[in-house]
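J.: Not my notes, these are from Swiss-Prot:
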MOD_RES   Ala2  N-acetylalanine
MOD_RES   Ser337  phosphoserine
MOD_RES   Ser512  phosphoserine
REPEAT    95-134  repeat 'ARM 2'
REPEAT    178-217  repeat 'ARM 4'
REPEAT    224-265  repeat 'ARM 5'
REPEAT    416-455  repeat 'ARM 9'
Amino acid sequence: MACLLETPIRMSVLSEVTASSRHYVDRLFDPDPQKVLQGVIDMKNAVIGNNKQKANLIVLGAVPRLLYLLQQETSSTELKTECAVVLGSLAMGTENNVKSLLDCHIIPALLQGLLSPDLKFIEACLRCLRTIFTSPVTPEELLYTDATVIPHLMALLSRSRYTQEYICQIFSHCCKGPDHQTILFNHGAVQNIAHLLTSPSYKVRMQALKCFSVLAFENPQVSMTLVNVLVDGELLPQIFVKMLQRDKPIEMQLTSAKCLTYMCRAGAIRTDDSCIVLKTLPCLVRMCSKERLLEERVEGAETLAYLIEPDVELQRIASITDHLIAMLADYFKYPSSVSAITDIKRLDHDLKHAHELRQAAFKLYASLGANDEDIRKKIIETETMMDRIVTGSSESSVKVRLAAVRCLHSLSRSVQQLRTSFQDHAVWKPLMKVLQNAPDEILVVASSMLCNLLLEFSPSKEPILESGAVELLCGLTQSENPALRVNGIWALMNMAFQAEQKIKADILRSLSTEQLFRLLSDSDMNVLMKTLGLLRNLLSTRPHIDKIMSTHGKQIMQAVTLILEGEHSIEVKEQTLCILANIADGTTAKELIMTNDDILQKIKYYMGHSHVKLQLAAMFCISNLTWNEEEGSQERQDKLRDMGIVDILHKLSQSADSNLCDKAKTALQQYLA
């Protein structure tokens, strides 16, 4: 909504507006300052809790006039303060109200007001700023535009408990990401806010706590600092632990648990520290019980999922705390009975947000089952859980779908479950549907899971192949998203492992040699490694090697040459030499190496390389080329001897590396046989 409306629109909009609303605005223009003040006070009383009145006054142009009065040097402090109060009340209406206030540049005006010496006016400006900055329509960046604002807010923290509460609330809402964390940290946020945790005001303690949770999130620098901060002779983590005791308000318990969780994940607190194992984790499990409110259960489960995600031991402890796995099953039966919730408004709210519970449960199940086979088994054996997760993967909410697919991905790491539950529930069917049409964030997880379902021992591999997976995966390799390219090629690599010639031919045909070579020159190392892995799996078993090299030999040899000449890692070059070793194992394919002096020189070079892995891979090539039971072995041996390969073999047979020594001796025996 614009700040001032054009004249032609006024009549249609104003038909809704009462004369009394216009009367309030007209009084703001009275030449008598006392009448203006009374007009603002009356306006304040009129708009409290009345959204329609707020909208009317905004349409009638009250905001620019209030801002003008607020900024006028001739206005009394009382008038300025009352203007700030009314503007704060208007901001508490709808999101459209906030947009209108932002369009009128309210933030610079209020920030200017903070330079006043009058505390009541400062508090009114801060209260209004707090309301505006906590609205989802306000860009956080507006707090950081002027570099003098943050230091001034830090200085105002000492003025009163209200300045402390509002400023901390503004910081916790406007601190989004590492850049904001760094700005606040560099301006002394930790030192300025730490002592507020012992404030006599609950609201101040709570807002300070929220500040620390957003400052510490994924931030090792802040987290490492927090660990050593003393407040009244007590370390900050000890204060957080006291705040998550059962006798404290739930909001405080949860936020303290978040602070400790984030500090732990940022590496500032060990995962086996008693404050995590005996305090934070049990507190978060408590938040998952059905006695808690929906929001608390969601936040508790999501924070716990984040805490235990990388640590097997914490996953095991959580899985046996308060029957957590069974407790999470209740997240899907919500609300359990309508009569249990007497507040109809609450019931309506919870029905609208029940999907958040499912999302949180899937996230926590995914973390619990990330590593341990027994935990995965427990999750899957929980009443109809596989059906619920499979259903979740096709829900309309993107967040629920993502969490459900993550959960399936976590469970798909189990060989046992791939062979049993995943087959019983034909998980591959909904997964293929998800892969047809989903946002990238879901595609990345779903394609990762497909990689697992395509492992050679998975019974789902056959039906997936029959349902057009090759084309789908080849399509993923052309994505602009590197994670999707990696997963597409990884799944093809798993598909090609010990596969029949027909499947390999399908992969090569669908992928096209052009795309294969594009992937071999991909800037992402993971893509390159998986493409080499695919090539290695395609070039296995002699008939397949000979067939593929007869049609694509020239291009493959060209790609191999480029990689061996390029600036690549040891791992990439090792994989490439292993591909050459596979080619050297072909019956007719090996001639492509023997007739390529450039490649032979490269193999010789890598036999003398300083890295043992590369020497070993080059040795495999030589062994396969000199194997004397095969036709033409004598000519090959002679050519390699002339190149000085035998001398290198003698040298390597004296190597301190036992592996290298054995391989060299085996190759030399081919010459003696």
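Note: Cβ is positioned from N, Cα and C throughout, glycine not excepted.
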J.: Quick one: DSSP breakdown of the repeat 'ARM 4' (178-217) into helix, strand and coil?
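T.: Taking each residue of the repeat 'ARM 4' (178-217) in turn, the totals are 34 helix, 0 strand, 6 coil.
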J.: In the repeat 'ARM 2' (95-134), how many residues does DSSP put in helix, strand and coil?
T.: 32 helix, 0 strand, 8 coil
J.: Residue counts in helix (H, G, I), strand (E, B) and coil for the repeat 'ARM 9' (416-455), per DSSP?
T.: 31 helix, 0 strand, 9 coil
J.: For Ser512 (phosphoserine), just count the other CB atoms lying within 10 A of its CB, please.
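T.: A 10 Å sphere around the Cβ of Ser512 (phosphoserine) contains 11 other Cβ atoms.
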J.: How many helix, strand and coil residues does the repeat 'ARM 5' (224-265) contain under DSSP?
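T.: Tallied per class, the repeat 'ARM 5' (224-265) gives 28 helix, 4 strand, 10 coil.
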